[in-house]
Amino acid sequence: GGFGVDFSLATDDFKSGIDLVSQKVLSHGVTSFCPTLVTSPPSVYHQVLPQISIRNGGPHGAGILGAHLEGPFISKEKKGAHPEHCLRTFEAGAFQDLLATYGSLDCVRIVTLAPEMKRSSEVIRELTKRGICVSLGHSVANLSQAEEAVQHGATFITHLFNAMLPFHHRDPGIVGLLTSDKIPAGQRVFYGMISDGIHTNPAALRIAHRAHPKGLVLVTDAIAGMGLAPGRHTLGQQVVEIDGLNTYIAGTKTLSGSVATMDTCVRHFQEATGCSVETALEAASLHPAQLLGIEHQKGTLNYDSDADFLMLNDSLYVQATYIAGEEVWRQDALGM
């Protein structure tokens with residue numbers, strides 16, 4: 001979420017909330033995005049998902065590519081800011097359990113799950129069969145479990161290094177997918193990174209980027225407090241405290257999402273890695289488009305693509321945002 005809107009809260013004016021966020025992110029260079037729901041009770045998915053519709057962007061706001069459902073089929077040990085009482089497993093009916101929990105997959109684009117869960121392989125196969133991207137995260141999976149998930153169709157890693165086993169030389173866990181030799185031919189594993197200067201040390205960002213530059217996707221992991229003053233805000237079922245760029249579950253030191261905007265993440269990534277401007281921009285445009293299989297429409301300036309583009313200054317601050325060739329936001333002379 002962002003700007004006071006929490007996509008994991010079922011409200012009567014959910015649609016106006018999503019409209020507000022898609023309007024506000026234009027100034028941060030976002031032309032389309034995946035609204036994300038954190039682990040929630042089934043009733044929330046049943047209320048919220050029917051209100052998310054995939055749509056093109058324009059002067060009204062950034063396009064919506066489909067929802068990202070982060071949980072509830074994730075690990076208790078690595079739940080991070082997700083409420084433990086809402087976590088679920090695939091024990092009984094596997095894919096049917098997932099359908100019953102979410103209610104509908106019509107607008108769903110990405111599902112994050114923990115691949116070490118029993119029967120996750122069949123769930124991954126069913127989701128990928130439906131064109132839904134499966135991402136591995138909030139997990140204690142070892143490398144062979146992660147490789148098996150990729151062999152069944154998983155293509156993404158949710159915020160690398162965060163909420164997973166730390167890299168260990170004898171079993172590198174999910175992080176090992178970046179250099180694994182067990183990835184099926186022709187398949188690329190992408191990985192999201194929260195490049196906000198808090199979630200990942202710049203050295204870890206550099207290690208991942210050098211190990212697998214073509215798979216890096218910048219993600220904001222933004223919560224409702226993005227764009228708001230420090231203080232108390234919500235994240236789904238929980239209260240979080242914002243202190244500068246740090247966001248914690250209230251009363252703890254558990255990181256809970258980010259308040260960094262996408263343009264901030266791009267600038268931090270470029271600064272931390274010393275990569276070229278093109279490389280930094282591709283991590284926020286081409287790579288996410290490739291991950292979702294829409295690179296013929298988005299993420300490039302090729303002939304016949306969607307003509308979503310930005311004008312940036314030399315320091316990578318957004319000057320103007322265009323969607324389908326039309327200017328939808330411009331920095332005014334006062335710099336507002």
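Counting begins at 1 with the first residue displayed.
Positions of Cβ are set from backbone N, Cα and C atoms, glycine also.
Those TrEMBL annotations? Automatic predictions, nothing curated.
Residues or ranges marked as domain 'Amidohydrolase-related' in TrEMBL: 15-328.
Under 8 Å, Cβ to Cβ, and six or more positions away along its own chain, HIS159 (Zn(2+) binding site) finds GLY137, GLY192, MET193, ILE194, HIS199, VAL219, ASP221. Annotation source TrEMBL lists Zn(2+) binding site at GLU70, HIS138, HIS159.
If you take the C-beta of LEU255 (substrate binding site) and look for same-chain residues 6 or more apart in sequence within under 8 angstroms, you find GLY80, ALA81, ASN162, ILE198, HIS199, ASN246, THR247, TYR248. Per TrEMBL, substrate binding site is recorded for ALA81, ASN162, ALA163, ARG170, HIS199, LEU255, SER256, GLY257.
Cβ-based neighbour count (10 Å, all protein chains) for ASP221 (active site, proton donor/acceptor) stands at 24. As annotated by TrEMBL, active site, proton donor/acceptor applies to ASP221.
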Most Cβ neighbours inside 10 Å, all chains, among the binding-site residues ALA81, ALA163:
ALA163
So for GLU70 (Zn(2+) binding site), how many other CB atoms are inside 10 Å of its CB?
28
At the level of the C-alpha atoms, what whole-angstrom distance separates GLY257 (substrate binding site) and GLU70 (Zn(2+) binding site)?
12
What whole-number Å value do you get for the CA-CA distance of ARG170 (substrate binding site) and GLU70 (Zn(2+) binding site)?
28
